[in-house]
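K.L.:
What TrEMBL shows for this protein is this:
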TRANSMEM  5-23  transmembrane segment
DOMAIN    7-170  domain 'Acyltransferase 3'
TRANSMEM  35-54  transmembrane segment
TRANSMEM  75-98  transmembrane segment
TRANSMEM  118-135  transmembrane segment
TRANSMEM  147-165  transmembrane segment
TRANSMEM  177-198  transmembrane segment
């Protein structure tokens with residue numbers, strides 16, 4: 001039976017609604033409320049990292065190859081399908097309205113998608129694979145866990161307060177948004193390591209946390 005994090009599942013529903021709100025609200029009267037949905041990407045990122053790290057530590061027998069194949073099927077294949085659907089809709093819109101120029105199919109669509117909000121899927125795929133490797137390393141080298149948590153924490157802070165947006169923005173919106181979400185991924189590792197070291201989810205004082 002798969003381990004479930006019930007409180008996390010409940011918060012995911014609220015975060016999913018927030019994502020929809022963030023991308024749909026546009027009226028002058030409600031536009032300012034879109035900021036309420038901006039917690040969702042950091043939440044989903046840190047949550048994914050936390051769960052992946054925790055499960056790898058608990059079940060370290062899964063190989064990196066098998067894990068990569070499973071994540072590719074679960075994340076990248078849907079990403080490609082949605083990219084194709086959005087592209088077809090764009091072509092259909094051009095054909096019906098005759099209001100747009102030709103649409104160029106670019107190689108970069110393989111990692112950016114055909115619409116801007118698909119950037120998260122390639123990002124979380126890469127983050128998942130890196131997290132898997134870090135969790136495997138932590139399992140094989142238990143004494144490294146504390147250092148891993150500290151390095152992830154500090155690196156996340158540095159990325160947050162010392163962003164080089166001039167360079168990052170030149171690399172495209174996918175890289176830019178991924179960079180902005182990176183601190184959440186790093187802090188997800190920190191929380192996962194601390195939880196593993198001190199069994200926080202088993203302690204009464206921490207039951208209020210969504211873990």
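The backbone N, Cα and C atoms fix where each Cβ goes, and this holds for glycine too.
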K.L.:
Is the count of Cβ pairs under 8 Å between the transmembrane segment (177-198) and the transmembrane segment (5-23), pairs 6 or more apart in sequence, 3 or more?
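P.N.:
Stretch pair does not touch.
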K.L.:
Under a criterion of three or more Cβ pairs within a distance under 8 Å and sequence separation of at least 6, are the transmembrane segment (35-54) and the transmembrane segment (75-98) in contact?
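P.N.:
By the criterion, they do not touch.
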K.L.:
Given a Cβ distance threshold of under 8 angstroms, which distant residues of the chain, six or more beyond its ends, lie next to the transmembrane segment (147-165)?
P.N.:
134, 137-138, 176, 179-180, 182-187, 189-190, 193-194, 197
K.L.:
Check the domain 'Acyltransferase 3' (7-170) for me and report the mean pLDDT.
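P.N.:
PLDDT averaged over the stretch: 86.
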